[in-house]
Amino acid sequence: MSSTCSSIIDYLQREFFSRDSIPSGAKLTSRLECQENKRTYKATGLIASIPPAWIPFTISCQASAPGNTMENEPLEKPRMLQVEPVEASAASSRETIVEIDVEANDKGAKDEIILNTDGEGESAIPEDKKLEVLERLNHDWQHDPDNPRNWKFWKKWTMCGIVAFYTFVSPISSSMMAPALPRIAEHYGVSGPTILNMTLTIFLLGYAVGPLFLSPITELVGRKWVLHLSNIEFLAFNLACAFAPNVGTLIAFRFLAGLGGSAPVSIGAGVIGDLFAERDRATAMAVYTLGPLLGPAVGPAIGGFVAETIGFKWIFILIAIASGVGAVFGILFLQETYAPYIQIQRARRQFKKTGEKTLEHDILLDQRKDFAQLMWINMTRPFALLLGSFICFILSLYMGLTYGYYYLMNSTFPELFPETYGFSTGLAGLAYLGPGVGFCLSAVYGAYIGDGIYQKLTARNGGVPKPEYRIPPLVIASCLVPVGLFWYGWSAQAKIHWIMPIIGAGIFGFAMMGTFLPIQLYLVDSFRYSASAMAAATVIRSVMGFAFPLFGQQMFDALKPGPGYSMLAGLAIVIGIPFPVWIYYYVSTEMMLPLKEAVARIENRRVKRIRPLIPPQILQEDLPLTLSAIETVLDGRRATEEILHGNNDRLVVVVGPCSVNNVEAALEYAHKLKAYADTAKGDLHIIMRVYFEKPRTTVGWKGLINDPDMNGTFHINKGLRLARQLLLDIAKIGLPAGCEFLDTITPQYTADLVSWGAIGARTTESQVHRELTSALSMPTGFKNSTDGSVGIAVDACRAAREGHVFLSVGKEGLSSIVETEGNSDVHIILRGGSKGPNYEAEYVRDCAEKLKKAGLPQKIMIDCSHGNSQKQHQRQTIVAEDITTQVSYGDTSDKIMGVMIESNLLEGRQDIPSSGPSGLKYGQSVTDACISWEQTIGVLDRLREGVRGRRENVRRRARGLEEIKPEEVNGVNGLNGHAEA
């Protein structure tokens, strides 16, 4: 038993029993059967081990009703899955049956766990790489105690609380000094409103810049130290603000404090994701988001009283103290939560201890090796989304406008309420609670209403959700934004009761949060890189929050609050109402995307999935050439070239199944053919026809490589492996093989084992197949067109003899540019067509004449099947008899260099039964009908007679004697009535 394989089962067990639907003490019964060397393994209870075979498992779990007295009567019939490993060859057969019944809850819970290598139930991993893959499985991170999601409840919530505190303190700092702006202006002698407001809003510019580089840094050093160092920076520069000697220094320190304060805002959500699974994340995320929501409202309320009582400098000192308290708890208790960094650190500790570098270490390091590229992608992707997607741009712009309006409104509070209503600095700070209350109400009721609308529209659409279903609440909230602005501006200008502008600010706060929630959800639902879309919105939002207060005072001095806010409300109406309506009714999903992503969706509209393909080099390393196989391939090619160029008078005979569907039957046929080829090698150069690809005019089985299991599973990796193994086995017994190249990539996997190639009638005209042939290392024949004409095939020969430069796939599996010298060993194959056969002498003469005019060797191969036999397999013997006559006698004798025959162990053909390939007859074709092996012997014997007749007539012509007539040719060992001398 393999301990490594045992760990796979342990992995599956832990994965299954970690599900909440399975109660503690659940009983697992199982059966594993592996027919390998006639051994059967069975287990009861928890599986301890499995047979030593690399097999992807599907485990189906069955629940029994509680109190069921019949132990063997589950709610549903147990499911069983049979899986064949990709390594299984014709000589060995092994299968695994996995059946698992689980007693669970009264709902009859049913679950399914799949462990695959490439998503299609087969292994694309070579033998020498499997131990590494199993090593990775041994590092079961999902159930590792070091995984933050597996930490104890109190520990996870401690981490969450620390990060939430960081995220609460930082937004407070963004606006806490707002009520103290008049005192700051007096202290530093600032007379211009632009510079004064910049001391407040420059903090937000740090919010815009920080996330662009702090987030990717966490992938290098983890989250913990980024949070620690950023918090220390935030503390230090807030403390420095209290002692800034001038306003310029204050602005610089505020910006740097904003950079540090941006870390928990941008990284904190990632920490929550590290700690909690999706189903447990909602409560933690709600606690985390309270900070950014309440901070800007609570901060000014506190800051006003602080500035009034002990001075504005204490605002910064108190923030630094709060940050320091958080830093103490953070440094003492906050632990790293970023999983890849934890794994790397553990691997490094193991390396220091044992001196061995684990695969886990290498993989994780490789994923982050190009940190500069990672930084560039993260920093530029938000801007690419803004420039490439109009939807992302317009929604981000609207978020930025409302955010800028909010900070512009905040900047007017310190002047409005003290001067107009006689508020003290402390009471003026309480005015900021107006929009804060609006935020809270919108977060509660707005989210509830928005979710209800979303669910209702989804149900109306048959349960299919769409991103635009997030838009209706946005339209409603967008209508309230100008209401709040009008209310606040005109009530402030009219100087009516102080509660009126606060109500207006509250309405605006409610509307602002009502626009933020649906826009954020829409961006997340619509964009693949939702984090980058959110970052794009954050950049614009922070920049506008920084910029708007800088020009606000000048605008209000010129227009007064009423007209000024009316202008802002008009802009909000123009952008905030028409565009959401347009998005809801007229925007498709593709229009939401940036250009690159939209193009990707256009390209992949009808692609169901893309699966990994084993690189040719790895398959060739798994199944390498042997010296005997190399000798077979080279001898086969050399002999064919000699015959093609007139340096050998034998006849090339390509004979074998129409297409291989059973490798065992094909190998048995190869042994029979090899035995005959050894006796006939003086007359015939026999190449076994080993076709793995079947062209189809409509649909159907496309060959062993495409669908080796013949059941529509298309395990192409397995098919390539079986094909190469069969070619290798045939080469080892000393029999050359010939293949038709239909797919232009498969030659990279098999061509080194092929002595002769063919290009089919439907692909002879194809440019890519002509280019491919120019690169092939073996003689290759082009079949005439399906209508029977040879002109296109002649053109193909001319093209393939020249060098080409084209696109293909290299041995490493990479897209490559291939430059070729050309293939001088090409020829024509006459296979008949829709207009009738073309094997007779007149057609051979016509083809030879066309070759001569084209400057090509007049050497022709004739296919006894297809159009020449008119799809009647028995007529192949008639065609072969005519070829025998032409070879032995007449002016076409020296033109015919080869023959093709479709032959199998059994005569005829069969359809694939509904029961599957197990119901097929052994050794009978599933594509075109073939003659039997016994009939093949007779045909080959007659072809030998034709070759001997040709030799005799050559000698007789040299002596001036009369040629032997075709009817006089009989017998393999001699010529009737004529001496050879």
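The backbone N, Cα and C atoms fix where each Cβ goes, and this holds for glycine too.
Keep in mind that TrEMBL annotations are predicted by a computer and have not been checked by a curator.
What TrEMBL records for this protein:
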TRANSMEM  157-174  transmembrane segment
DOMAIN    159-590  domain 'Major facilitator superfamily (MFS) profile'
TRANSMEM  194-214  transmembrane segment
TRANSMEM  226-245  transmembrane segment
TRANSMEM  251-273  transmembrane segment
TRANSMEM  285-306  transmembrane segment
TRANSMEM  312-334  transmembrane segment
TRANSMEM  383-406  transmembrane segment
TRANSMEM  426-450  transmembrane segment
TRANSMEM  471-490  transmembrane segment
TRANSMEM  496-519  transmembrane segment
TRANSMEM  531-552  transmembrane segment
TRANSMEM  564-587  transmembrane segment
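Within the chain, the transmembrane segment (426-450) has long-range Cβ neighbours (under 8 A, six or more residues past its boundaries) at 175, 178-179, 293-294, 296-305, 307-309, 406, 409-410, 413-414, 417-418, 470, 472-473, 477, 484, 498, 501-503, 505-514, 517-518, 521. In this chain, the transmembrane segment (312-334) does not touch the transmembrane segment (471-490); fewer than three CB pairs sit within less than 8 A of each other, excluding pairs fewer than 6 residues apart. Taking Cβ pairs closer than 8 Å, the transmembrane segment (226-245) reaches residues 163, 166, 169-170, 173, 210, 214, 217-218, 253-254, 256-257, 259-264, 267, 271, 313-317, 319-320, 323-324, 326-327, 330-331, 334 in its own chain, all 6 or more past its ends. Computed over the domain 'Major facilitator superfamily (MFS) profile' (159-590), the whole-number mean pLDDT of the model equals 80.
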